[in-house]
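A.B. asks: Among the features that Swiss-Prot reports, signal peptide is placed at 1-20. What Swiss-Prot records for 40-84 is domain 'Fibronectin type-II 1', and it gives sequence analysis as the kind of evidence. If you look up Swiss-Prot, you'll see 45-69, 59-82, 90-116, 104-131 marked as disulfide bond. For 72, the entry in Swiss-Prot reads N-linked glycosylation site. According to Swiss-Prot, the domain 'Fibronectin type-II 2' annotation covers 85-133, on the basis of sequence analysis.
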């Protein structure tokens with residue numbers, strides 16, 4: 001009884017090692033990739049950027065303690081940790097519902113915190129962030 005189970009476990013491990021692969025840009029940047037891929041383009045964050053087939057308009061954190069951004073329009077392994085000055089700026093003016101806003105607003109926010117759109121048309125893109133007061 002133990003031999004078939006051992007064979008099954010060994011087969012599963014072998015199958016997994018042969019047919020699984022890692023796509024480098026599928027995973028979040030690691031400290032090793034930061035060392036291997038130094039900052040370029042003066043270390044400026046590029047927004048929006050494409051990562052894992054998704055578009056991001058601000059700094060993100062995937063499996064990392066701190067937020068990071070891509071240094072290319074399409075993530076190519078070049079990235080950096082975000083400082084306060086790196087976060088995406090509000091897009092003023094922006095269109096929300098039937099109004100144009102030139103400043104942060106509390107409209108539509110349940111908790112009464114001011115927010116802004118990260119694109120000129122919130123109705124279409126629906127990407128936003130809370131404003132720093």
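Cβ from N, Cα, C; glycine included.
Source: prediction; values computed, not measured.
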A.B. asks: So which recorded positions are near residue 45 (disulfide bond), with CA atoms within 10 Å, out of 59, 72, 82, 131?
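C.D. replies: Within 10 Å of residue 45 (disulfide bond): 59, 72, 82.
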A.B. asks: Which entry in the list of disulfide-bonded residues, 59, 104, 131, has its Cβ near the fewest other Cβ atoms, using 10 Å as the limit?
C.D. replies: 131
A.B. asks: Under DSSP, is residue 116 (disulfide bond) helix, strand or coil?
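C.D. replies: Once the DSSP labels are grouped into three classes, residue 116 (disulfide bond) ends up as strand.
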A.B. asks: Near residue 59 (disulfide bond), which recorded positions out of 69, 72, 104, 116 have their CA within 10 Å?
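C.D. replies: Of 69, 72, 104, 116, within range: 69.
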A.B. asks: Name the one residue among 69, 90, 116 whose Cα is closest in three-dimensional space to that of residue 104 (disulfide bond); these are the disulfide-bonded residues.
C.D. replies: 116
A.B. asks: Check the Cα-Cα distances from residue 90 (disulfide bond) to the recorded positions 69, 72, 82, 131 and tell me which is shortest.
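C.D. replies: Spatially nearest to residue 90 (disulfide bond) by Cα position is 131.
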A.B. asks: Filter the recorded positions 69, 72, 82, 131 down to the ones within 10 angstroms of residue 116 (disulfide bond), Cα to Cα, kept in sequence order.
C.D. replies: 131
A.B. asks: To the nearest whole angstrom, state the Cα distance for the pair residue 72 (N-linked glycosylation site) and residue 131 (disulfide bond).
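C.D. replies: If we compare the Cα positions of residue 72 (N-linked glycosylation site) and residue 131 (disulfide bond), the gap is 25 Å.
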